[in-house]
Amino acid sequence: MGGLEEIRNEAVDLENIPIEEVFEQLKCTRQGLTSDEGAQRVEIFGLNKLEEKKESKVLKFLGFMWNPLSWVMEMAAIMAIALANGGGKPPDWQDFVGIIVLLVINSTISFIEENNAGNAAAALMANLAPKTKVLRDGRWGEQEASILVPGDIVSIKLGDIVPADARLLEGDPLKIDQSGLTGESLPVTKNPGDEVFSGSTCKQGEIEAVVIATGVHTFFGKAAHLVDSTNQVGHFQQVLTAIGNFCIVSIAVGIVIEIIVMFPIQRRKYRAGIENLLVLLIGGIPIAMPTVLSVTMAIGSHKLSQQGAITKRMTAIEELAGMDVLCSDKTGTLTLNKLSVDKNLVEVFAKGVDKEHVLLLAARASRVENQDAIDACMVGMLADPKEARAGIREVHFLPFNPTDKRTALTYIDAEGNWHRASKGAPEQIITLCNCKEDVKRKVHSVIEKYAERGLRSLAVARQEVPEKSKDSPGGPWQFIGLLPLFDPPRHDSAETIRKALVLGVNVKMITGDQLAIGKETGRRLGMGTNMYPSSALLGQSKDGSLESLPVDELIEKADGFAGVFPEHKYEIVKRLQEKKHIVGMTGDGVNDAPALKKADIGIAVDDATDAARSASDIVLTEPGLSVIISAVLTSRCIFQRMKNYTIYAVSITIRIVLGFMLIALIWKFDFAPFMVLIIAILNDGTIMTISKDRVKPSPLPDSWKLNEIFATGVVLGTYLALVTVVFFWLIHKTDFFTNKFGVESIRNTEFKEMSALYLQVSIVSQALIFVTRSRSWSFVERPGFLLVTAFLLAQLVATLIAVYANWDFARIKGIGWGWAGVIWLFSIVFYFPLDIFKFFIRFVLSGRAWDNLLQNKTAFTTKENYGKGEREAQWATAQRTLHGLQAPEPASHTLFNDKSSYRELSEIAEQAKRRAEIARLRELNTLKGHVESVVKLKGLDIDTINQNYTV
């Protein structure tokens, strides 16, 4: 193995020496390596992957204490021992220890959960590890690219990411995109003997290659060593920072007001003032926020993977929740991609050829191994698949590529004559055969006939090769026939599209097939037939009715596009994003990569190429549209949990800061910082369970609305703060509870007032999560078992502390079960208005409140709900009449009805629903057949009439 050591040390120039010398130096042959040789070479060269930086577990743990929210808590800890002096008391060690414990608890939970999430993500990403076709033990097989070693023989084809640095063997030239490595914008041609680099993408061709370098020894590996990874600040991080900053600023304002009032105006003692400031710092900071949100995302990501959608980028979850347009491939996503040919409909164009021979030529122009769906269909149509190569010797196979859109086989028959058979897109084959005008007309007529039935067309041609060379152009091509391909829709596609529309997601079909096929498939799936050819995207459509319509508007209103090339997909995504839509795009091929990268959510479908997977945000492990729609629902649940928590966190900050500031300044009552710590620790323990809470997903696409989060948080927090102020006034200045419930008076008893105030703040603070987690009444939407259990346990502990604890250092004394019962009753009574405030804020933020007040003067009406239902019904009727639809049955609505508040779909989805409704009513064997026969009889234009159908 001495020679291999030199290769590992890069002492041999394998990039430039002749290919035969490469085999000598690597001690291998064109038959590849054995498994044993591969294992031995892994010991020498290592696995074919880049070395991951080992992160110190200790530094990672401490990293969770290094963020703006933690800094505020750490500042509070320093204040507790450095500034909290005087008044004849020692430094505040209890608070210092308590703050450190709180920080350690949060960091520990974050560390454990992120570690678990990281392990789960690593296991998921292992499923996405690049695979490659490698020749081992004399057999071709698909293996993980990480096992490759110098000397392995690999196969590289269209859409593959080159798995290692390699030298090309005999075969056709490849087109390689190495822009990611060298910056070259156009694909470069690589001939046999040339070197290809790990990480570049095959754009055209197919060839075998011998591996010469792996892992860190590759061109890509060396470049990666020179570049530090850049930390991109994602949208999620920006939102997190904005919410954290809002809380920090709120606390800072409270502290400044306290300092100004307590010291210069009230002349309060220094030590008491510092403790009041500590209360705001400790209680106001949502220290658990980064932990709760990251854990929620990690758990959600794992749930998505179980449903068949692996998220490569964690923050894609929030974009998936906000997606309102999904551009979906037809083949394989909306349909089964299980093709069949109706032999009775095969059209023969060449003399002396029967339908069976057309099928045989199509099978010859197909692969017998490593097949795609069309190859499998063609070979499968033969009585015996072996007939595809029976009696002939294969010389050269031209694989499919997006430019030529055809495959071809050069072969020698039993008599020694050379022939070529080709199958592919009819337009390409017509051009290849240089057909006459009458033949073209006949071909297009048959294609249209197929398309009206929803059938795709496949053309077959042949030629003789008198020069007997695979590189020669050969004789003239002869157009042989047309085959009809039927790709049945998935059984669940129609229902899934209906669900998507109800969820406010508009599904647009993007297909390379003809317009007529797209329309027929759209009609069958109930997604409407408002489809356009790709030429309409460039404003070149022959349809005069489209000329006046701006391209942006056309794309927005279309149900789909036909005859689409990958560059059109990019344009569709770009235009929709300019119209402020959150766009999802599915793709599977190497040419889809730009559109997948451009889309807000790039979705690589099941069996996508390596290039499509690397460009996407989400990789599907199961076929069909239903996986995507399930993922949308799950993402909205995850997003809802995160949004619920952020509203809760902002509310608690405002409630603590405002409540304790008012009590400290009005009655000069100094609440113990240690008791706020107890509230914070119990709160954080409970709130961690929200990541697994049972939630109702938003009925419409959702996104971070910071104005809604801050407005709701401020209103709910202010209300709770005022409730606490009223409660303290009742126990501090009156005997209200003593008179009404017969409990002992604790008026002006500082330690007992502290216990009572602690319990009241603890109960309502935690109960608030049930309000923020629900869209309707909090007692109607059942929370998760874990959340309820954690709440009850935390409040049991809080109640026991208030009832029994006699802690002089925290200035509390047990108040007994009588007072505990009174405080629970008080908290429950003042809990109910929280829901009403929540509904009111939502109503005000929707803008409808101001419209009603200013435009309709609804403040002075006597109608139920200020006539809201009646006006909405009038609007809906007007809209439906405008589009030729019957008005729905009138339904009653209420201000706080969840379905009423959120039932309006986005305008674009509503339009698609209407078109789908019309399309379904035009099914065959109903009005459609009769109408079309009359139209043809009268010589009218069916397309014009379609636009004027009314129901």
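Keep in mind that glycine also has a Cβ here, set from the backbone N, Cα and C atoms.
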Margin query: Sharing a topological domain in Swiss-Prot means sharing a membrane side, so do Met661 and Pro783 qualify?
Written below: no
Next item on the list: May I ask you to report the DSSP-based helix, strand or coil state of Asp329 (active site, 4-aspartylphosphate intermediate)?
Entry: strand
Note to self: Using Cβ distances below 8 Å and needing 3 or more such pairs, separated by at least 6 in sequence, tell me whether the transmembrane segment (243-263) contacts the transmembrane segment (662-682).
What the structure shows: yes
Checklist line | DSSP residue counts for the topological domain 'Cytoplasmic' (772-784), split into helix, strand and coil | finding: 1 helix, 0 strand, 12 coil
Note to self: Under 8 Å between C-beta atoms and at least six residues away from its ends: which parts of the chain pack against the topological domain 'Extracellular' (730-750)?
What the structure shows: 667, 669, 756-757, 811, 813, 815-816, 818-819, 821-822
Next item on the list: Tell me the Cβ neighbour count for Asp329 (active site, 4-aspartylphosphate intermediate), meaning other Cβ atoms within 10 Å of its Cβ, over all protein chains shown.
Entry: 24
Notebook entry, point to check: Any chance the transmembrane segment (662-682) and the transmembrane segment (814-834) have 3 or more Cβ pairs under 8 A, given the pairs are 6 or more apart in sequence?
Noted result: no
Check: Any idea what the Cα distance is from Asp329 (active site, 4-aspartylphosphate intermediate) over to Asp588 (Mg(2+) binding site), rounded to a whole Å?
Finding: 9
Next item on the list: Indicate whether Asp592 (Mg(2+) binding site) is helix, strand or coil by DSSP.
Entry: helix
Note to self: List every residue in the same chain as Asp592 (Mg(2+) binding site), at least 6 positions away in sequence, whose Cβ is under 8 Å from its Cβ.
What the structure shows: Pro566, Lys569, Met585, Ala612, Ala615
Notebook entry, point to check: DSSP helix, strand and coil counts for the topological domain 'Cytoplasmic' (683-708)?
Noted result: 13 helix, 0 strand, 13 coil
